[in-house]
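Annotated region 'Disordered' per TrEMBL: B:214-269, in sequence order. Here TrEMBL flags B:214-228 as compositional bias 'Basic and acidic residues'. The compositional bias 'Low complexity' annotation in TrEMBL covers B:231-245. If you look up TrEMBL, you'll see B:373-438 marked as region 'VHIID'. Positions annotated as motif 'VHIID' by TrEMBL: B:404-408. What TrEMBL records for B:448-480 is region 'Leucine repeat II (LRII)'. Under the heading region 'PFYRE', TrEMBL lists B:489-580. Under the heading region 'SAW', TrEMBL lists B:583-663.
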Amino acid sequence: MHQNQNTSSQDSKEKRPKFFINDHIDILVEILKRLDGPSLGVAACVCHLWSTVARNDTIWEHLCFRHVSSPPPCSVRHVVVALGGYKRLYRVCMRPVLSRLSDSDMVKRVWTRDEIQLSLSLFCVDYYERSGRLGAGGGGDASASSLMFLCNTVNV
Amino acid sequence: MLAGCSSSTLLSPRHRLRSEAAAQLQACSFQLPSMSTQRLDLPCSFPRKDTSRSQPIRPVGLSVDKSIDSKAGSCSLKQSIRLPPLATTGPVSATAAFVEAGKENRNQFWREKKIGKRFAEPVDDDESCRNRAKRKRGCGDNGGGLGLGQLGGGNFWFQPGFQLPPRTTQLPFSLTCSGDDERVCYVPGEAISQPLPLSNSPWLDSIVTEITDLGKKDGGGEDSRGLVREASAASSTSSESQSLALRVNESASEHEAGNGTRNPYVPYGGAGVVAEEEEDDDDESEAEHIGFELVSLLTACVEAIGLKNIAAINHFIAKLGELASLKGSAISRLSAYYTEALSLRVSRLWPHVFQINTPREFDRRDEDSGIAVRLLNQVSAIPKFVHFTSNEIILRAFEGKDRVHIIDFDIKQGLQWPSLFQSLALRTNPPSHVRITGIGESKQELNETGDRLAGFAGALNLPFEFHPVVDRLEDVRVWMLHVKEHESVAVNCVFQLHKTLYDMTGGALRDFLGLVRSTNPTIVLMAEQEAEHNEARLETRVSNSLKYYSAVFDSIGSSLPLGSQARIKVEEMFAREIRNIVACEGSDRLERHESFEKWRKWMEQGGFRCAGITEREMLQSQFLLKMYASESYAVKKQEQDGGAEALTLSWMDQPLYTVSAWTTVDVAGSSSSFSEPS
């Protein structure tokens, strides 16, 4: 495709030196949507533009529900966004839940509704705890939450 | 970690050392009465009774100062404590009995105790020892451990009259606890570096450091445990130091006077002296022996209470005070709490003989319980298990219902409800109105909870209303509960029902169930401890609850380093329960846990029918438990007549909590609206 683009654009316009992915954000988004979590994290470190694009919540939404057998209801998006967004959902709940459940079962399997539900429940707990700590008012301290057990390395 | 320890051989994190030094400086005031023996009042939980003149002082917290760096040092201290009695008293005929009762166990124990070069004891070993100890104890057939039967033989009645040498220069200071000094008494490093956490952040910071610092866990753990054993430190106070000082007044000395001056623990001393040079044993068995030791002391003490043998009680509690420590292994801490509870009990039974300084923490109950609840939610699977299972059942009960109302007895911080809200919001037809009536004892907490829940519901676009009810359980009436027409009601009773059992006639429970029924609920959720802590005999209660709470402590401790403040806080919450079970009677004793069998009977008598548990709840709980690193949690169904009635969470085969759901039978409408799952 790269070559085609080159030749066609060379034919049609004045000389364009290269194909810069950065000029085509939509394509970039499509590509990033297909990455897994860690790779997405790496991609976000490439440059300022990529970092901005990688923060796009729809990419993370795709990532979260990639393994789901049936697409989740639309109302889920509203809830997730209200509670902190898909990126956070992935980072705080889905990835640990997926990795822990996969350890014991098959490696890459399709998520069931129950597992999604569990992740969402845990995500709610996370939000609730962040949203108003008694006394300390340190709302953003994600580490001290009841989801800490998800942060621990498993059985190390 | 004991204050004053400046040893470089300690593996503890740097900051602890520094703060320990600070701690030492702040050590509480001394009292050196000018008598031949020193008096030490034990700070926090290690009460020591002493008669004013003859009773030797138990160095609580110890002398650690002296030379913690080498075990030998503290060993010798200990030895010196023990030896003189040998010298001054005659041969102890009780020795034979003692030895017979648990001979090899003790000798081994002493050998290791004195020697124990090894501080290094991996946490797992300790736990497994404890578990073994726990299980063995449960079986009652171990050679080393002492079953009640053995103890009942009266082998242990020695007089408390054993003398300790005047403490001359061995103790850097003696501790006394009074008023605000408590907190500072002999405080371990962490407590000093985090001054009483009345606000959350220090806790949270410490939690974070501790969780992320798990790599150092072993190091830290080893230290405290090693030290504890070495110095046989009793009492290092936790930051909520409970100060107990038991003073046996003159009248107790009468008991002693009548008896000889035999020192029951001479065998220890003797064995210790001799055994010093013997070879090291496993740390595992060392811990195990200590575990056995503590448990046997506890059971012996309980026997003594039953037999009203004041002198023996005195003795055992003193011994326990010396051996158990709030900074030690889980069994050590657990024993510490039990010792405290037993001391409380004896001081209530014989107020003229035993006096106790009431622990300060009684005053700070409210603030602490809120923090402790949240900490428990962070470190243990218990709250989530209870909450998620209940929510799943409620969700099913509310299927198709448009207006829903939840009555939560003891809502605390409302940690159960966010995930239910989310499930409701994600329903195909979310309810048009959600109401929660939260009952609690603290108006401020209730209001805060209400606000947070409202905020959360707002984020989800769920119409929500909250009604706080500040009242005690038995004072709640239907008209306070805001039950409205055309709303489906779910009643949530988490760890509340057992509080109505103090009424022997069953009246309070009946009234409460009547109240619940009068709200016309669609579903009633009940979560209770799965235990038999309501036996009339103290011995049975203590032995049952020892097993139970060891499992609980293990489950909390599995993810936290030994000296963690969070762990201490959470354990204190359970310590309150322990205290209530052991030290209180009658209408004061609220923690009357019963097994599900009994609850089932009572609920059925109260006009309820079990609504059953489906596979979904089971699966969800199993998923949830897989999230936790520990493999020891398990979920089991309690079945009757082929149908699953309740889910029980257990830790390594010790059942802990049971969740079950009930519907009313007398009102046709309500029971048919929630059909029992097949």
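Here the Cβ of each residue, glycine as well, is placed from N, Cα and C on the backbone.
Automatic, uncurated: that is what TrEMBL annotation is.
Across the region 'PFYRE' (B:489-580), the DSSP tally of helix, strand and coil residues reads 54 helix, 13 strand, 25 coil. When each of the listed stretches B:373-438, B:489-580, B:583-663 is scored by C-beta pairs under 8 angstroms to the region 'Leucine repeat II (LRII)' (B:448-480), B:373-438 comes out highest. Per DSSP, the secondary structure of the region 'SAW' (B:583-663) breaks down as 27 helix, 30 strand, 24 coil. DSSP states for the motif 'VHIID' (B:404-408), grouped as helix (H, G, I), strand (E, B) and coil, give 0 helix, 5 strand, 0 coil. In the region 'Leucine repeat II (LRII)' (B:448-480), the DSSP tally of helix, strand and coil residues is 18 helix, 7 strand, 8 coil.
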